[in-house]
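See below for the structure under consideration.
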Amino acid sequence: MCLGICNADNKKLKMNYYHKSCPSVEKIVKEITWSKVAADPTLAAKLLRLHYHDCFVRGCDASILLDATPTNSGEKTALPNRSVGGYEVIDDIKKKVEQVCPHQVSCADILTLAARDAVSYQFGRSMWQVPTGRKDGRVSIASEALDSLPSASANFSTLLGQFQDNNLDIVDLVTLSGAHTIGVTHCTLVARRLYNFTGKGDVDPSLNPNYATTLRKLCPNPINRATILEMDPQSSLSFDSHYFEALNQHMGLLGSDAALMTNSLSALIVRKMQNPHVFLAFFGRSMKKMGEIRVLAGGEGEIRKNCRVVNA
């Protein structure tokens with residue numbers, strides 16, 4: 001088993017890329033991110049998801065941050081991204097960085113660093129290294145987000161295929177799914193599992209019966225679209241290995257969570273990830289790999305002055 005570290009580091013990126021052009025950038029990103037997460041702990045999950053949704057579409061190029069224009073809807077407007085948040089944090093960081101180091105640091109690097117720092121706040125230290133040197137993309141297309149982002153109801157083979165398309169393996173799939181240890185979702189995404197799994201008004205048989213009963217109480221039929229659910233029961237603000245403990249009890253909330261238990265190797269990895277030390281170590285490795293998906297560097301892309309618009 002490769003355990004998520006098969007690939008060599010992306011040669012386009014390097015540690016301390018900004019040591020001459022903007023030596024204080026990582027300190028600025030960390031200070032602002034930690035301050036924001038301290039004030040609103042839900043931002044950790046939002047920034048992590050924002051980074052993930054960026055990297056799976058065109059690579060980690062900050063294309064998700066681009067606002068729609070009169071002629072282009074952009075990734076932000078795609079259905080999977082309509083519940084994504086954290087944009088204002090990136091705006092605040094970019095504004096400060098531009099004051100200190102004008103036109104030096106990409107939005108793609110800021111987003112990657114902020115995702116790391118958002119998770120790290122709970123631990124009081126940086127949980128993994130982030131090589132930098134990414135450039136920002138100039139293209140953002142809603143339909144690409146719809147096609148490229150894994151669905152909440154995806155089965156195992158579909159999930160693994162989408163991860164492999166991004167040079168990520170089965171260990172990365174399971175490990176990065178552990179991001180669901182924080183954050184929330186809506187009842188609408190689990191309604192079919194609770195009330196009409198096979199079209200006969202039935203419950204998904206892979207769902208823990210007691211958990212299903214609890215969920216049906218939290219999400220009564222007809223479904224209220226505004227009702228939210230913790231991704232990790234009673235642990236949605238704590239970044240830990242509890243998500244994998246829940247999976248082993250068949251308490252994965254989404255169909256894509258439950259899918260990890262339908263493959264023998266994946267299920268084995270889930271069991272290994274119940275150890276918090278193992279999970280945290282491999283999560284950092286897999287996040288580093290994800291942060292290197294199809295990056296633009298060197299003469300590719302640009303460094304946006306405003307993360308929401310391409311440079312004029």
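Heads up, the Cβ atoms here are built off N, Cα and C, so glycines get one too.
The domain 'Plant heme peroxidase family profile' annotation in TrEMBL covers 12-311.
Around Cys22 (disulfide bond), a 10 Å sphere centred on its CB holds 20 further CB atoms from the protein chains shown. What TrEMBL records for Cys22-Cys101 (among others) is disulfide bond.
According to TrEMBL, the site 'Transition state stabilizer' annotation covers Arg49. Non-local neighbourhood of Arg49 (site 'Transition state stabilizer'): Val84, Gly86, Ala179, Gly183, each in the same chain, at least six residues away, with C-beta under 8 Å from its C-beta.
Here TrEMBL flags His53 as active site, proton acceptor. When Cβ atoms from all protein chains are considered, those within 10 Å of His53 (active site, proton acceptor) total 20, not counting its own.
Residues within less than 8 Å, Cβ to Cβ, of Asp61 (Ca(2+) 1 binding site) and separated from it by at least 6 positions along the same chain comprise Asp54, Ala108, Arg134, Lys135, Asp136, Gly137, Arg294, Val295, Leu296, Gly301. Residues or ranges marked as Ca(2+) 1 binding site in TrEMBL: Asp54, Val57, Gly59, Asp61, Ser63, Glu75.
Counted within 10 Å of its Cβ, the other Cβ atoms near Cys60 (disulfide bond) come to 30, all protein chains included. Sequence annotations record features per position, and here TrEMBL assigns disulfide bond to Cys55-Cys60 (among others).
The disulfide bond annotation in TrEMBL covers Cys107-Cys307 (among others). Annotation for Cys307 (disulfide bond): same-chain Cβ neighbours under 8 Å, separated by at least 6 residues, are Ala62, Leu65, Leu66, Ile90, Asp91, Lys94, Cys107, Ile110, Asp136.
Among the features that TrEMBL reports, substrate binding site is placed at Pro150. Just so you know, the Cβ of Pro150 (substrate binding site) picks up 20 other Cβ atoms within 10 Å once every protein chain is counted.
Here TrEMBL flags His180 as heme b binding site. Around the Cβ of His180 (heme b binding site), a 10 Å sphere holds 24 further Cβ atoms from the protein chains shown.
The Ca(2+) 2 binding site annotation in TrEMBL covers Thr181, Asp232, Asp240. Long-range Cβ proximity for Asp240 (Ca(2+) 2 binding site), meaning a same-chain Cβ under 8 A and a gap of 6 or more residues, is found for Thr181, Pro276, Phe279.
Residues or ranges marked as disulfide bond by TrEMBL: Cys187-Cys219 (among others). When other Cβ atoms within 10 Å of the Cβ of Cys219 (disulfide bond) are tallied across all protein chains shown, the result is 22.
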Tell me which of the binding-site residues Ser63, Thr181 sits in the most Cβ-dense spot, judged by other Cβ atoms within 10 Å.
Ser63
Rank the recorded positions Val57, Cys187 by the number of other Cβ atoms within 10 Å of each Cβ, and give the residue at the low end.
Cys187
Spatial neighbours of Asp232 (Ca(2+) 2 binding site), counting only the recorded positions Cys22, Cys60, Cys101, His180, Cys219 and Cα distances within 10 Å:
His180
Which value does the mean pLDDT take for the domain 'Plant heme peroxidase family profile' (12-311) in this predicted structure?
97
